[in-house]
Structures are given as C-alpha cells and as structure tokens.
C-alpha cells in the first residue's frame, strides 16, 4: 500500500512517528473500552438468565462482523485514508456500546425479556460494535507494517500495536472489575463514554487531508504467500477464543464466588495477564529481535503448557499464574504471526494484508466461543484442554513450514501517513 504524505519535504522520522502514534492511542482506548465489560459479562449473563451458549453466540456474531468487515476496512483504507476509516469505525463502535448498555439496563430493570434482550445484544454488541472496532487494528497494522523500512522496525512497530492491545487488557479489566465491584452496571455506562471521547479526539486531531492510496497493480491472490502464517495465527487465536468467554464461569464455579466476586477475581487475573502481555510485546520482543518463526514456535510451546496448567488450577493464584504464563506464550506468538504474514505481502497490498490478518483473528472467535461454551456445558475442563491442543497444533505447523522464516517480499520503501 503506497501512501503519500501531504508534506513530502519533512524528514522521514518526523513523518512516520506521528502517523503510527495516533493509531496506537486509538487501539489502546477503544480496546480498553471493550475490555471494561469483560469482568462483568459472565455475571451479567447470569443476572439476565442467559445461558453460557447465548453469551457465546453474542461473541461469535461479533467475531463474524469483525471478520467480514476487516477486508472491507482494508480496502477503504486504500481508497479513503486513515481519518475516514477511524471516524467510521469508532462511530459504529460507540453506537454499539451505547445500545448494548441501554439494552442491559432495561433488561436488569425488568423492562425486556430474554428474547428482546438477546436481539438487542446481537444488533448492538455483536454487529455494530464488532464491525466498528475492526477498523482500528486494520488501520494500525497497515500503517505499522507499511511504514517500516527494515525487519527490525517492522517487528518493533507491529509489536507496539500488539502491546497497545495488551495494555487494554490491563486498563480495561482493572477499571471494569473495580467499577463492577461497586455496581454491576457502571462499566456499561463508562464504556460508550470512553468511545465517544475517542471519537471526539479523532475529529479534533487527525488531519482532514489524510493521505490516500495510489492505484497499484495487485496480485490475483495476494493471500497465497501469507497462508502459512495465517494458518499458524488461526490456531493460536483459536486457542484463546475457546477459553476467553468461559474463564469467568470457570473462576466462578471453581472458587464458588458471587457475581460481584467473580468480576473482581477475573479482573485480577486479567490485570496480571495484561501486564505481562504488554511487557513481552513492548519490551521483550523488540529486545530479542527474533525472526518470526522462532517467536511463533517458542510462543506456541509456552502457550500449550500454560493451558495445561490452567486446566489443573484450582485457586485464584494458580489460575492467575497460568494466565501469566499464557501471556508470555501468546505475547511471543501473536506478533510473530502478524510480522510473518504482513512481511509476506507486497508493498501494494499492505492494506489488504492487514485486513486478512485481522479477519483471521476474528474468524477464530466465530468458532471458538460457541465451541468453548458448548464444551463447558459438557465438562468445565474441556475448553482448556482443547485450547492446549490448538496451541500444540500451531506449534506443529510452525515447525513444518519453512515459509515462516522470513519475508517473501521486500519491505516497502514508501512511508504510510495518518
């Protein structure tokens, strides 16, 4: 994706850093707004008499919306520029969070039945929010990958995008758990307010004359060189998606906690997980400077072992320790997959590549939550064991595919602006 700056005489570093910075902030803030809701989702579902499978369906439909919209956002990024994509995506996400909050409050007050509540959840939390939030990582990954002029810089900036998402796992659940411990509905009010503030900041700070893509010749199947990396990424993200929704139920049932206690305990575990995830992606990955295939292999192995530890954990400290180990593994594996995938795409296809990477992540959450909640209803430990199997399968694929060893196309020379 070849994007041009409005001030071509500016030094390269001066042009690039402002481009990636606002996108990192947007990723951090919007994902934090999403994660505010994580500690209270399981207790909210039980207060509203929703089953584990119904909650899984909400997440699954959201993942489908993200998966289908991600390639569209990638093409819009090429045609319309970063500002338009950010405003459209954040606007949709804000409406989705506000509608989800309104539906939840009405249901808690007894003004809506289970059917009406589920319909509202699917429209607002799943479709609108899922499609809206997809725009932000697509833009961030495209800018991070296309702006880099060497492998070390690509690794650093892609890792920073992941670190921003990881930091949201620290800020969001910590704040959400604290708010939910006071009143279960407080995160519902705060999340859309945070998204609305971000929208206002983007309107005020991101230039109107955002650089747009110039037409470029594209391959008939730009995804082909990315396929090995996409396969590994799918398996790693599938392992996470299988357990993400059921962690709250797992904590509640193993520790015998109330809804408020569950929200607080999940918040503690996710806080520790997020801190480690941020440290690995922001500091460890750039310091190690490993090639993508090594990051994926080591990360997948650690993740598989961490899932086995989580399957055996029966106290909050052991559950938290397993989640921390999982953060180390995924903190290595996720950026390794992203770097390998974007490096395999040509310069003219970085927008499309970012869309495919984001779609791959989202696709796992179509299958994973429903699979995880269905398995949990059969036996609570099954989702964690399946997650371990997915991580192990990702390791096997990474060990067999030499295509993960390095970029299949040169890193683009032309910078991307925002």
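For all residues, glycine too, the Cβ spot is worked out from N, Cα and C.
Among the features that TrEMBL reports, domain 'Major facilitator superfamily (MFS) profile' is placed at 19-406.
Long-range contacts of the transmembrane segment (20-42) within the same chain, counting only residues at least 6 positions beyond its ends with a Cβ under 8 Å from a Cβ of the stretch, are 55, 82, 86, 90, 93, 97, 129, 133, 136-137, 139-140, 143-144, 147, 157, 160-161, 164-165, 167-169, 171-173, 175-177, 179-180, 184, 187-188, 190-192, 194-195, 197-198, 201-202, 205-206, 245, 248-249, 252, 259, 262-264, 266-267, 270, 418. Feature annotation from TrEMBL assigns transmembrane segment to 20-42 (among others).
Positions annotated as transmembrane segment by TrEMBL: 54-73 (among others).
Panel annotation: around the transmembrane segment (85-108), residues 23, 26, 30, 33, 44, 47-48, 73, 76-77, 116-117, 120-121, 123-125, 127-136, 138-139, 184-185, 188-189, 191-192, 195-196, 198-199, 202-203, 206 of the same chain, lying at least six beyond its termini, place a Cβ under 8 Å from a Cβ of the stretch. Among the features that TrEMBL reports, transmembrane segment is placed at 85-108 (among others).
Under the heading transmembrane segment, TrEMBL lists 120-145 (among others).
According to TrEMBL, the feature transmembrane segment maps to 157-182 (among others).
The transmembrane segment annotation in TrEMBL covers 188-206 (among others).
With a cut-off of 8 Å between Cβ atoms, the residues of this chain six or more beyond the transmembrane segment (227-251) that come close are 38-39, 41-43, 52, 55-56, 59, 63, 257, 262-263, 265-266, 269, 292, 296, 299-300, 303, 307, 310, 316, 319, 330, 333-334, 337-338, 340-341, 344, 356-357, 360-361, 363-365, 367-369, 371-373, 375-376, 380, 383-384, 386-388, 390-391, 393-394, 397-398, 401, 403-404. Look at TrEMBL and you will find 227-251 (among others) tagged as transmembrane segment.
Residues 35, 38-40, 42-43, 159-160, 162-163, 166-171, 173-174, 176-178, 180-181, 184, 247-248, 251, 255, 257, 316, 319-320, 323-324, 326-328, 330-332, 334-335 of the same chain, all 6+ positions outside the transmembrane segment (263-284), place their C-beta atoms under 8 angstroms from a C-beta of that stretch. The annotation transmembrane segment is assigned in TrEMBL to 263-284 (among others).
As annotated by TrEMBL, transmembrane segment applies to 296-313 (among others).
What TrEMBL lists as transmembrane segment is 319-341 (among others). Proximity of distant same-chain residues to the transmembrane segment (319-341), defined by a Cβ-Cβ separation under 8 Å and at least 6 residues beyond the stretch ends, is recorded for 141, 154-155, 158-159, 161-162, 166, 226, 228-230, 232-233, 236-237, 240, 250-251, 254, 268-270, 272-274, 276-277, 279-281, 284-285, 290, 292-296, 298-307, 309-310, 313, 353, 356-357, 360, 391, 394, 404, 407.
According to TrEMBL, the transmembrane segment annotation covers 353-376 (among others).
The feature transmembrane segment is assigned by TrEMBL to 382-399 (among others). Proximity of distant same-chain residues to the transmembrane segment (382-399), defined by a Cβ-Cβ separation under 8 Å and at least 6 residues beyond the stretch ends, is recorded for 228, 231-232, 235-236, 238-240, 242-243, 246, 250, 293, 296-297, 300-301, 303-304, 307-308, 310-311, 329, 333, 371-373, 375-376.
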How about the transmembrane segment (353-376) and the transmembrane segment (157-182): do they have 3 or more C-beta pairs under 8 A, pairs 6 or more apart in sequence?
no
